[in-house]
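Enquirer: According to TrEMBL, the record shows the following:
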SIGNAL    1-22  signal peptide
DOMAIN    47-161  domain 'DOMON'
DOMAIN    169-368  domain 'Cytochrome b561'
TRANSMEM  206-226  transmembrane segment
BINDING   His207, His243, His277, His313  heme b binding site
TRANSMEM  238-267  transmembrane segment
TRANSMEM  279-297  transmembrane segment
TRANSMEM  309-329  transmembrane segment
TRANSMEM  349-367  transmembrane segment
Amino acid sequence: MARSVIFLVAIFLSFCILSCIAQQQPCTTYKFSNNKQFSSYSDLPVLSSSLYWNYHPLSSRVEVAFRHTGVTGRRWIAWAINPTSGGMIGSQAIVSFQRTDGSLAVYTSPITSYGTRLEQGNLSFPVLELSATNQNNEMIIYASLELHGNISTVNHLWQVGPMSENTLMMHSVAPSSPNVKSMGSLDFLSGRIKATRSSSTTLKNVHGILNTVSWGILMPVGGVIARYLKRFESAGPLWFYLHVSCQLLAYILGGLSGFGTGIFLGIRSHGMEHSCHKIIGIVLFCLATAQVFGGLVRPDKDSKYRPFFNWFHFLAGCSTLILSIFNIYKGFDILHAARFWRLTYSGTILTLLLVTLLLEICTRWCLPITKHSMSNTVDKNTSTVAAVAAMEV
């Protein structure tokens, strides 16, 4: 009995020890080649990276080591603190890469725009004991930071990107890429790291959704309603209210909200230019504004200017439709949207085209034939009634 109890207790303790080992973060047992030791560490959530540090509260000095593993080719790595916000602009970065001659570059770089080339420059706080290593398929940056003020919690970012000769190339900016998720808040005292989502990425997605729904779906639907539904006499004034509702909603979502978010993104994204997408967006806003407010000065049906207005309204509508579809696909390219979203939108546009074709056939050929047949039937019935009345007389 005693042996059984001891055996069960041993199994239980072994299980507890194995659980602790399994939950222990990988970087706890890591030994640095320069024999540096750090009291705190954290495995970062993306990009196969870890951060080690010693924090001295009295002097606000932090000794850090940023480690990136799985290095199979030449690339650059960077770790940064942003004292002003949680985004990229304003970050104070430390960068390292291997030159073509095999030597290792390590320097500081303040980031002032999204189009940064990570040029060398002084940071907003002193950086001492700066060095780096590249061996055993891993790159490590060492530094000692003297932070301003008695702060223990900071916003930090880390990045990895490709190289072309000795030039640092742009990292991936696709929404699903880990490169757009490599940021968070770091508490040097508690060791807690909280990942955060870039506000600019969220705003870009909102901008894309607003414009896709408004210009890419509501605007074509409104055009189809205006062109075909009014040909059905049973529709009455319903077609007009549906058309106006679609156009106004599209203008509010795309012309005002979508255009506004686009301007805001352009102001925030210093150094990132999408000229074609931006110019088409401005043209679309002008055309949509002319369409919406042009309806307020529409000439009467008997006016000699009405044909000119109708042609302007038709051409402006067609131009808006074509440009909006083109610009939505440009937006997909800019956001590196997944293939699913491209296929979904393409399927929506093809469905609208098919509905338009069927309505064209129905209203141009089927509906006139039906009306002509009904007219002949009415005429025959009228003739028959007249003949019967004459015979009775």
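Each residue, glycine too, has its Cβ placed from N, Cα and C.
Automatic, uncurated: that is what TrEMBL annotation is.
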Enquirer: Sort out for me which one of His243, His277, His313 has the most neighbouring CB atoms within 10 A, since those are the binding-site residues we care about.
Expert: His243
Enquirer: Going along the chain, which residues at least six beyond the ends of the transmembrane segment (238-267) come within the CB cut-off of under 8 Å?
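Expert: Hits for the transmembrane segment (238-267): 200, 203-204, 206-207, 210-211, 213-215, 218-219, 221-222, 225-226, 229-230, 232, 278, 281, 284-285, 288-289, 291-292, 295, 324.
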Enquirer: Are there residues at least six beyond either end of the transmembrane segment (309-329) with Cβ under 8 Å to its Cβ atoms? List them, or say none.
Expert: 211-212, 215-216, 219-220, 223, 254, 277, 280-281, 283-284, 287-288, 290-291, 294, 298-299, 342, 345, 349
Enquirer: Give me the mean pLDDT over the domain 'DOMON' (47-161), rounded to a whole number.
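Expert: Summarising the domain 'DOMON' (47-161) by its mean pLDDT gives 86.
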Enquirer: Quick one: DSSP breakdown of the domain 'DOMON' (47-161) into helix, strand and coil?
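Expert: Once the DSSP states are binned, the domain 'DOMON' (47-161) shows 0 helix, 66 strand, 49 coil.
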